[in-house]
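Undergrad: According to TrEMBL, the feature transmembrane segment maps to 45-65, 149-169, 189-208, 273-292, 312-333. What TrEMBL records for 95-138 is DNA-binding region. Per TrEMBL, region 'Disordered' is recorded for 349-394. Residues or ranges marked as compositional bias 'Polar residues' in TrEMBL: 367-381.
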Amino acid sequence: MAAAAAAALRAWFWNERFWLPHNVTWADLAGEPGPPGSGLQYPRAAHVLSAFPLALGIFAVRLLFERFIAKPCAINLGIQDSGPHRAQPNAILEKVFTSITKSPDGKRLEGLSKQLDWDVRKIQRWFRHRRNQDKPTTLTKFCESMWRFTFYFSIFFYGIRFLWTAPWFWDTRQCWYNYPFQPLTSRLYYYYILELAFYWSLMFSQFTDIKRKDFLIMFVHHLATIGLITFSYMNNMVRVGTLVLCLHDASDFLLEAAKLANYAKYQRLCDAFFMLFGVVFIVTRLGIYPFWILNTTLFESWELIGPYPSWWLFNGLLVTLQVLHVIWSYLIIRTASKALVRGKVSKDDRSDVESSSEEEDVTSNSTKGIFSTSSNGSNRLNGHMAGGQWTGEE
């Protein structure tokens with residue numbers, strides 16, 4: 001009974017009339033596209049499983065990179081491995097902090113004040129210091145951003161080098177000629193699986209990385225990115241997929257470079273990198289993406305292969321992504337405008353320490369910068385599916 005149910009579910013999920021164009025079956029894609037022994041093949045669903053061990057390998061390389069490369073670089077730049085001020089040990093307040101609330105309201109503060117014979121302001125300061133105590137140091141954030149910068153920079157230029165010799169980079173109609181009977185080359189396979197593995201590694205490491213305010217947003221982002229990459233691979237839309245991946249990689253390393261400059265306190269360099277990031281982001285997401293990517297997926301593919309169910313789903317997701325591009329571009333422009341008025345780009349306050357009680361009201365309004373989440377909860381920069389791949393970042 002269970003086997004029959006599993007077989008029915010499998011047949012439903014892999015329905016050829018959903019996944020493939022008319023008059024094409026999975027059996028047509030089972031053989032080798034080239035002569036025997038050529039090593040060429042079509043994408044297969046089982047290929048994506050190789051991303052899991054590769055993701056673990058990427059995560060291991062990241063740990064080594066942060067310890068032996070990023071950390072010495074940060075120390076040479078004068079970034080210290082010192083955390084915020086530690087809270088004075090207090091068993092009663094610690095129990096409240098760990099078991100009840102990390103931000104007590106006025107009524108609870110009054111009760112604790114009477115119980116400890118402390119004034120309310122001192123208790124508020126203790127909770128602020130205790131919250132900051134669990135937050136990462138600038139050194140930790142620098143190492144994380146340096147790893148992401150290195151990967152984004154490397155994968156972008158690998159993608160450019162690979163696509164430079166690909167015919168569909170110069171003529172997007174090549175994405176659809178003889179589709180889906182397009183062989184998978186080894187370089188294309190490695191590029192796609194490496195991108196997929198990286199996002200799986202981000203999915204794993206998000207639970208051990210710096211805990212930011214946009215944790216849930218980025219979790220959904222990584223999940224959506226993984227889903228889009230996997231979907232396009234199994235559907236053999238990898239040619240246009242490489243264009244989308246490379247296009248989104250173009251701006252992500254600039255954002256991480258701006259963060260590195262910010263952590264190292266090179267303010268002008270930070271400002272320059274962010275402005276460059278904003279220009280590249282807007283040009284690629286509002287210019288090249290709709291007029292190059294969407295043009296070929298919506299119009300050229302309609303002309304050459306015609307629509308079918310998974311085609312509609314794929315394009316629906318890409319159009320949704322364009323809507324997000326517009327929203328993110330607006331937020332970047334708004335943030336850059338405010339930064340120009342202030343005269344500088346500010347810090348990433350999604351994970352920074354809280355300000356002192358004397359400065360709290362001022363800094364909460366003046367240091368919301370390009371890497372921040374606004375007071376009304378709307379995510380700014382790092383919410384771009386960005387990092388946005390198909391999604392940096394994004």
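Just so you know, glycine gets a Cβ as well, placed from its N, Cα and C.
Keep in mind that what you see is a predicted model, and the values were worked out from it rather than measured.
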Undergrad: Rank 45-65, 189-208, 273-292, 312-333 by Cβ pairs under 8 Å to the transmembrane segment (149-169) and hand me the top one.
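TA: Per the Cβ under 8 Å count, 189-208.
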Undergrad: Helix, strand, coil residue numbers for the DNA-binding region (95-138) per DSSP?
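TA: Within the DNA-binding region (95-138) the tally stands at 31 helix, 0 strand, 13 coil.
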